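Written out below as structure tokens is the structure these notes cover.
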Amino acid sequence: MAFDLSSIVTKLTTSDHASVVSMNLFVALLCACIVIGHLLEENRWMNESITALLIGLCTGVVILLLSGGTNSHILVFSEDLFFIYLLPPIIFNAGFQVKKKQFFVNFITIMLFGAIGTLISCTIITLGVSQIFKRMNIGPLEIGDYLAIGAIFAATDSVCTLQVLNQDETPLLYSLVFGEGVVNDATSVVLFNAIQSFDLDQIDSSIALQFTGNFLYLFLTSTLLGVLSGLLSAYIIKKLYIGRHSTDREVALMMLMAYLSYMLAELCYLSGILTVFFCGIVMSHYTWHNVTESSRVTTKHAFATLSFVAEIFIFLYVGMDAMDIEKWRFVSDSPGTSVAASSVLLGLVLLGRAAFVFPLSFLSNLFKKSQSEKLSFRQQVIIWWAGLMRGAVSMALAYNQFTMLGHTQLRTNAIMITSTITVVLFSTVVFGLMTKPLIRLLLPHGPHKITSSMVSTDPSTPKSFSVPLLGSAQESEVDIGVNEIHRPSSIRALLTTPTHTVHRLWRKFDNAFMRPVFGGRGFVPVEPGSPSERNGHQWT
């Protein structure tokens with residue numbers, strides 16, 4: 001008995017030691033990614049996401065060789081780790097740092113691309129694989145699998161978009177592609193979950209109506225939960241003024257309430273991505289202005305740092321897991337089938353995105369009054385190209401559908417997993433590498449450069465400056481705060497400038513009802529002797 005107990009303790013100790021070694025190596029690789037990313041900052045081709053992916057691949061190859069072909073990674077890809085720990089800080093920071101005026105000016109176009117476009121892409125991919133895969137001897141796939149594949153590969157990689165597009169150099173493209181990416185990811189996850197929850201053996205009109213109703217319910221309730229969570233945090237911090245005793249408590253409360261909104265959404269089977277994104281937007285509009293100045297600086301950099309580390313972690317993680325020998329062993333007897341499946345999926349991704357970007361851009365342009373607000377064909381090509389990258393969301397959904405706890409013993413499932421890995425690697429590296437040169441080629445005169453006149457010292461957003469979204473035709477967020485938008489003189493004028501009309505009405509409502517209750521810019525508790533007290537901020 002003593003011998004058995006000691007052997008168990010020895011095994012546990014060995015296991016703990018292996019975990020410590022793995023974590024040490026992974027943290028060292030994260031540091032290497034950051035350093036190498038810094039050295040490649042000026043490179044016109046590379047970015048940190050691609051760097052992390054390639055380092056992960058190289059590390060996987062080295063481990064595979066050292067282990068004699070038996071093991072290739074130090075951490076197994078886990079969808080729970082991805083969705084619960086890594087994705088929330090990235091999406092929250094995206095909402096927290098987003099230039100709200102720019103996002104909502106293009107809100108209709110973003111929703112067209114992110115929601116309607118995702119449905120179109122999902123439909124095309126589903127129809128394509130259901131027809132082609134049946135002729136390729138891939139194996140038994142049911143209609144639920146085909147629909148799931150559509151949802152998996154309709155999910156763009158908004159994380160990589162953050163890396164390849166620059167918010168200050170190409171603000172319109174960044175706003176559209178990134179905004180679409182967040183809505184797209186949420187739509188894809190909602191679609192995927194809806195597919196899982198329905199009996200698809202008998203599809204009829206009632207199932208389609210239930211599916212649509214369920215989708216709209218998840219979309220709206222997730223957004224509402226995020227808004228309410230952000231407002232609650234603003235109200236608590238404004239009323240209690242926690243910063244007078246401890247700025248650490250302010251920062252901790254903001255972080256925990258943001259994370260709580262995500263977990264509440266997951267607990268209620270809603271979309272945590274949408275919830276935490278809109279929670280970030282509301283927190284930046286109200287909560288951030290209710291904390292002390294030192295807490296503002298801390299939260300801005302803390303959220304950005306957490307997001308940055310999570311992004312690098314994900315790409316390193318995906319790159320390393322791509323060399324998992326277990327999955328590739330199942331398709332080693334028919335590598336041509338796996339390559340063919342990957343090629344078909346990649347082609348359908350290209351086709352599915354083109355099928356909605358160009359028609360919906362044309363539709364969006366019909367409602368734009370100014371020529372400078374309309375999307376040119378070159379800009380449409382960049383939007384199409386920048387959204388072709390597939391990433392960790394696709395990986396996580398594929399693992400959910402085709403593996404059990406990260407492992408699979410079925411050839412069909414192994415082909416789908418390896419095909420997903422191939423599409424993710426190819427699209428991220430090839431399309432990601434070519435995005436910056438493509439922007440320089442199609443927009444040779446370059447984007448608007450930041451000038452000193454664009455820099456704002458007014459802490460109206462967590463960003464340190466604001467730039468025009470649509471060039472000289474549109475005002476920056478700061479300018480709009482100073483110059484009130486003129487009231488439309490007729491119904492025709494109202495219909496031709498709906499965004500400006502809604503913004504003007506929202507400002508009136510916000511100033512009259514929301515800010516007195518939830519705080520916001522101009523309603524910041526003042527620390528004795530602080531710059532805020534000396535400047536005497538007033539309501540705007």
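Yeah, the Cβs are placed from backbone N, Cα and C, and that goes for glycine too.
Features of the protein shown, as given by TrEMBL:
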DOMAIN    28-439  domain 'Cation/H+ exchanger transmembrane'
TRANSMEM  20-40  transmembrane segment
TRANSMEM  52-68  transmembrane segment
TRANSMEM  74-96  transmembrane segment
TRANSMEM  103-126  transmembrane segment
TRANSMEM  146-165  transmembrane segment
TRANSMEM  215-237  transmembrane segment
TRANSMEM  271-289  transmembrane segment
TRANSMEM  301-320  transmembrane segment
TRANSMEM  340-360  transmembrane segment
TRANSMEM  381-402  transmembrane segment
TRANSMEM  414-434  transmembrane segment
Sequence-remote partners of the transmembrane segment (340-360) [C-beta within less than 8 Å, at least six residues beyond its ends]: 109, 112-113, 116-117, 120-122, 124-125, 128-129, 132-133, 136, 138, 149, 153-154, 380, 383-384, 387-388, 390, 415-416, 418-420, 422-423, 426-427
Proximity verdict for the transmembrane segment (271-289) and the transmembrane segment (74-96), three or more C-beta pairs under 8 Å: yes
Dominant neighbour of the transmembrane segment (74-96) in 20-40, 103-126, 215-237, 381-402, by Cβ pairs under 8 Å: 381-402
Leading contact stretch, 20-40, 103-126, 215-237, 301-320 vs the transmembrane segment (52-68) - CB distance under 8 Å: 301-320
